[in-house]
């Protein structure tokens, strides 16, 4: 009885949440599928014009190198994710499992990286990137985006590792698992969901980053999608339906792809686990 | 300020005769991240602190002259600046609480198997994935005084429309709502991951004991989630102090300074007025605010960890 | 290890700014123009649908006169333009040629980041330069030439005014009456102009039409005149319009411009480039022939203008080449092509707008004529402080509009605050 009531309650909760959080997305979609005349004609069109979907997408993508922008963003986003996770997993393990001198300072420093407004970072970083020849370089964007994304990943993973009882590691070692294999084979599979969450978060940090991209990349062939999308915002008039259609083109493939990959990450990591 | 390892997981301090490699291990683990951050954020951070004591101009960032605490004293004698600190605190508190409540609720709601879960999850992740410029445009469009869907709905319900972004009574609320929408998926994703690590046996035991869903969440899941929630709350707070794009794109701090958060001033000083020194001083004030919150967090976290250990 | 030390040293140097000059260095003219090379040219207008490509092809025309030169666009959106270019120039990097908005020129000139270009355009060609080029002078030296000047005027949807049964307004009282009539008869806003702090920089230029039209200025003879009686009259008039219920107060410019093009706004005070964009599309029911324009319906014929100037980055590695480019750009042929690409706005010479454009856009001559009495929104004598002054003044005007503050008191407060800022 309780359980049925519970699931009804949850169904209701999910529906309400999805409806509220989903409304701006629905509205973005609806706006993308109407003509300017319909949007500004004085009536509110509550339903998307599904028949126009393909046309609006084509219109938005016409005359701009959409595929190239998406590819560039993908490079930046994947680079950021991989680099962030690689460093974060190691650092998180140290924070979770060891006591060492300077641990507090390091932990605080991770938060400190999140404190400085971009406005103050972009000037010195530009200077550093100029010196190292990293301007107009997607690799440079990976480096700057990782500086922000990685500390967040460290904390997500550290919290997750804190939840893994050390007894599991002990018993694995007793079972003959070599020390270097503990982290990849015992700990990581157990925190697979958190790794996946950190991956989603860092991925979209890189995918959407705009300020550094705008300042560091001037070569149009290297623009990421975020900068491409901003170029739809005109000096005189911003075509709302085109911007929204472009926003969907930039967001949907990434999100679909990512949800698919996320499942693979979790199942892949879990499959390799040695049950403690 | 040492971070205590969570209760029960703390590996005891290295024994005096511990293997040298064992003592070096944590440093090797953090080496890459530490060097990386030192170069890419440590250097700009120090640079920013230095700039705040100079009269540096954006167009000549190396030509600043040391002016002592001049920037700071001029800031704190400026009532508009003090007002912007207040706006920052209100905006941050509301955004953090909003994002934590919505994010945690969403995570609990979609944890477990049900039909349409993948879709629900995709929709709930979308706000995080959508570029901020598109999010700001869609909210401005929803909020539009004459043609926005929100005012149409309100008028339809007989409540009458409001100037969401042009009326100072509502602007901060409108901007906060848009911010919560944009960031709650972060909380959701992190909490969801933590929930999935809650051992099933614990839930089973509680179920056998006859606890209802709410009680099971409170007694089983919540203690498990607390460390994660605390870190998330801290990150959310720090981010709120410096979240810029949403506010700038929706209101640029207006109308009549009602959304003029600290970070808007940082941006305006640096990029509109080209006064990098003053901008840096404002940034450092934000930094101090964040540091205070972080220190409080470490104390609370330590205390909580002790309590949980009992 | 040696590598680490090198990296550390380079990093330290970068922080101290020692090696920040990877560009040509301020004194170096670069290789002669005949050797060619690549020139980067920054402008947000490259992104403009339609006009962007036309303007760029004028720039690219240079490679016909100098085949060894190649040109490369640097496109930054209007909203991010100044901050992006400033960050790049501050590091002694950035584009070779910069298209500079009027409100930005003072800062670049004062910071010494622009190369003197007196010698770039030969004397024979200089005669063609019009008076707007004087704005590009700083301390007696020409630092930039006019790229474009854009005027403001009043324009309206002919059929909406007819429907409302009103004549085009000639003074403020009839403007207000006409706006109310349009609202009453057609149920759409009678007038749309910017009024939001969220669009601070462009609002400043738009708003300057009101004080200028009422005979005021932001400064005179090196003194701020923000609280001059003419300006108070202008703000009082604006407030009357704002409160009339006949003006669109909730829309940003992009929204009300789109509405005008959809036939949902009666009248506007806006610049010619915006009008060209609004009526130029394929989907909009309001076309160029449906629109008429007149000088502003204010006591004096003065109005605001806005514009951009083009200058050379002092730290460019190709200064000689960039100067040769300017010589090309101010040749009669290039100016003719530029005038054609610009449309209703004017280049820095008397190059005429093509007849075909004027024929298709009968309102264009009204705009052109405004050149005689228009003035830009930069605060004379306080050029590099204009953004701060604009922020102060508009903040106080917002108080008038939203919180019903008294216009005279508000402008007085703005005058005091701005005087404190400028130390005058």
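Each residue, glycine too, has its Cβ placed from N, Cα and C.
TrEMBL entries are annotated by machine, without manual review.
Values in this document were obtained by computation on a predicted structure and should not be read as measured data.
As annotated by TrEMBL, domain 'ABC transmembrane type-1' applies to A:70-261.
Marked as transmembrane segment by TrEMBL: A:12-29 (among others).
The feature transmembrane segment is assigned by TrEMBL to A:74-95 (among others).
The transmembrane segment annotation in TrEMBL covers A:107-129 (among others). The list of residues near the transmembrane segment (A:107-129) in space but at least 6 beyond its ends in sequence, with Cβ under 8 angstroms from a Cβ of it, reads 95, 135, 140, 144, 147-148, 151-152, 154-155, 211-212, 215-216.
Residues or ranges marked as transmembrane segment in TrEMBL: A:141-161 (among others).
With a cut-off of 8 Å between Cβ atoms, the residues of this chain six or more beyond the transmembrane segment (A:182-204) that come close are 77-78, 80-81, 84-85, 88-89, 93, 146, 149-150, 152-153, 156-157, 159-161, 163-164, 168-169, 172-173, 254, 258, 261-262, 265-266, 269-274, 276. For A:182-204 (among others), the entry in TrEMBL reads transmembrane segment.
Taken from TrEMBL, the feature transmembrane segment applies to A:242-261 (among others).
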Per Cβ pairs under 8 Å, the stretch of A:74-95, A:141-161, A:242-261 packing most closely against the transmembrane segment (A:12-29): A:242-261
Outside the transmembrane segment (A:74-95), six or more residues from its ends: residues with CB under 8 Å to it: 103, 106-107, 138-139, 141-143, 145-146, 149-151, 153-158, 160-161, 183, 187-188, 195, 198-199, 202-207, 209, 213, 224, 254
